[in-house]
Amino acid sequence: MSIYIRVIAILAICLVHSPGFTSSQISFPAKILTYFVNDDIKAGKELASLNVKVRNGPSPVTYRIIPRSKLQVLKIGSLTGSITLRKDFKNFVRLRRDGTRRLFFKVLGCKKFGKRRRCAIVNVRIIALRGNFGDKFVEEALKHVTREKLVNHIYKGITNKTITPSFLLRVFRRITKTSEDIAMIDAKQEMLLDYVKRKIVQVLSLPSKGNINFDCLHIEKLFSLHKIERLLNPETCKSAKEKAHTLFCYHKYRTYDGTCNNLHHRHWGSADSKLERMVEADYADPDKLFLPKGSPDEFYKSHLPQASLVAHTFIGSQTHSMRSHQPYSHAIMQWGQFLDHDIDLSPESEAADKCEHLPCDSSRRISVPPCFPIVHAKNSTRCIKMTRSAAVCQSDAADLQPREQINVLTAFIDGSQIYGSSEALAKKLRTGKDGLLRMTNNNLLILDVESDASALCTDSGGCFISGDTRVNEQMSLASMHTLFNREHNRIAGILRHINHHWDDEKLYQETRKIVGGILQKISYEDYLPKILGNDGVLPFQGYQYDLNPGILNEFSTAAYRFGHSLIRPYFDVLDKGYNPVRAPIPLKEMFFNNVFIQKYGIEPILLGLLANTSQNVDPFLAEGLTKHLFERENIVGLNLASLNIQRGRDHGLSGYNTYRKLCGMKSAETFDDVALEIKNAKYRDVLKKLYKTPDKVDLWIAGLAEDPLPDSEVGPTFHCILSKQFRNLRDGDRFYYEEKDVFTKEQLREIKKVTLSQIMCHNLKDIVSIQKDAFIAPTCQEARVSCDNILQHSINLEAWTDLAPCYSNPCEHGGHCVPIDGGKNYHCYCGAYWTGDRCQYPENPCNPSTCIDPTGMWCRSELRGTLFYCSCDFFQTCKKRDFCKDSPCPTGYKCSNESDNYHGGYSCERINLDKLY
């Protein structure tokens, strides 16, 4: 070693251990940093990106590699800590017997504090693995990871002491039975990979101390294709996805799970589908497949600030309500949440139980899949034990896709938060008589009496059951659910009086259809114009079958969470004269607490929403959200701002600049370039200190920082995302209430009359007066009027009168309806190719045989029922034959020859399938 090298090394050690040095001033996350890479990594590729922890100060950190001899093959950014190769790894590091190539060096990081300079030093190990290195551990991993280790036993051993804020967060995000298999396979895939990584560390005899990083490894190079197939089991994944969806696509009403809304793409918008994206996922691993940016012990790549640090520094806590610049009532906040719970829910990953028991420290143990905790910015012994969202499993080993999260609800605005997104839940919520939903004698939601929920809800007034699992999240949400259950039963009762011959199913489905139309009318005509402006969503031009209505990840994980800033710190509870029943309820006491509703009903809470204004959309949240979310006695609550930021990183959302460009704004190189959208200079300064560049600003944070557009509640980025999503939900919905033939002209006219104020007047006990628009707080210009006045213009359900059983023609697909039993019932005479009591089922086109030359031929019907194949088994018979020449297909079908080198025949497929419905 040269004298120069020795001096530098000694100097570094002296600096680290000098009397003036403290770890709080500058330090690396560990004494040893280990990076695994593939051994075919080429010159110019980034190996690692170091990041020291420093106390705030104006001067930058500078980095240096020790010894200098390593600079022949390595290069480090003096201000970034980014380490790249000057030469191909294989060309200068020999292959060891264990199949690895290893490179060792030190990095010195220094920073000035006033006149004094402080430094830290770290040992860096780069270990390159040869191709398919992980193959030998796959079979052992498959034996180790069993289904039992993956299942979430969230209610197991539940006691009052185990009900922590993190536990309640998990309860509201628990997975549904229908999507469990899909998420289970993904969780198993992730745990298998984690097991293999731990085995590699063990086999290579690496010390347990220090941080070990696999994030630069390419998965398809770590394993052979055969072993990837063994790990991922793609066929099981395909089977689980098919099992989760209804395959039969002939329905007069919406399916419960949203399947078959689109007849060309039957899974679009259905429950248990993946969230869609505006841009590709942006994960931290080199293939951008799965690794979230901003891990609590991150010392590589993205250099994102901790979620808790951003929340603490940028998001303000409101202890008192602030004056709103708009006259919108607190009901607009509640409608936003109620609507959100109709269209999206990303459940937690399977295998999440272990995350509850991991320590809050700086080790990588807290980041094992699927745990993604949020370490407290000022206290590393505190953290929010967050788990990653469940994801869709990989179904093609040769074409690995980025991690995509599951939406367990139907995407459509269809009332699934009332009725459920599965047939099993829908049946559980019904009485089975007169089309009614189950309610208590006090006209409240029914309680969950199952043992698990009963143990959970003993001290909170009981757990209500509704179509969405989050109904108990807070009292005003539960009240809104109750209001619409009452409205369903009110409408069903009137329809039964009008149409005596309708049975329970007909009453239920027609009422469900009407309520769905009402939800859409209020959302698009009363709610969204206030959020996005009158031109936020352009006028409806008709259904578009090629438009995917699926929920955008950017919408559910960031943009629609603008509503969190609308929530007031206190909730007024008022009587029918809008006088206080008691002191306002602090937000922290609203969570998971149904005691008040059981005692006083929903009226005082909903009237309180009407009387007060919502807060502004800005970087301020009520203290009940930033410090007391799901708080329990003697247990500190969660921070919703931190959760929102971390969830965006979990879901692979890209940075602010990506969406600026996508939404028609210029790319911002500096924070001065965003001054038009973020006018507040203080906001820009804080963001600059936290993120350094607009590229890295978390989407939710950037959206709250932007100034609202004229006539809108949100800035340009959120406006862009929200407008696109709500257009997709409307124009991609075959059952949207304004679509031709969904309702008659008379029925549509009546639905257009409905307002939230009318629904409250119909269903709130003893209510006397209300403002005409429930979303605008009462003022001198918007004074309250009597409910008698409001109800003069309410929906007239006589428009749904069946003068006779055949009045509304219950026969589908052109069937002819004939009254029988003295006009009490009907019989459907079905046209060709349809059968069933309402002609709702397609006949099997292969019975009797429709093949033009039955000799040696066979017929196969497709699941859709509109497509069948005639094929022959004998090569000589089929060769070069034009089967369509003699027009074998029925009227309305097109013929296609299906001949190939082995079989022959033709297929018949119905033309213009959409027009049948």
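In case you wondered, yes, glycine gets a Cβ from its N, Cα and C as well.
Nobody curates TrEMBL annotations by hand; they come from automatic prediction.
Taken from TrEMBL, the feature disulfide bond covers CYS811-CYS828, CYS830-CYS839.
Sequence features, as recorded in TrEMBL, placed on the structure.
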{"residue": "CYS811", "record": "disulfide bond", "Cβ neighbours (10 Å)": "23"}
{"residue": "CYS828", "record": "disulfide bond", "Cβ neighbours (10 Å)": "22"}
{"residue": "CYS830", "record": "disulfide bond", "Cβ neighbours (10 Å)": "20"}
{"residue": "CYS839", "record": "disulfide bond", "Cβ neighbours (10 Å)": "23"}
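Taking only the Cα positions, the spacing between CYS839 (disulfide bond) and CYS811 (disulfide bond) is 6 angstrom. The CA atom of CYS811 (disulfide bond) is located 8 Å away from the CA atom of CYS830 (disulfide bond).
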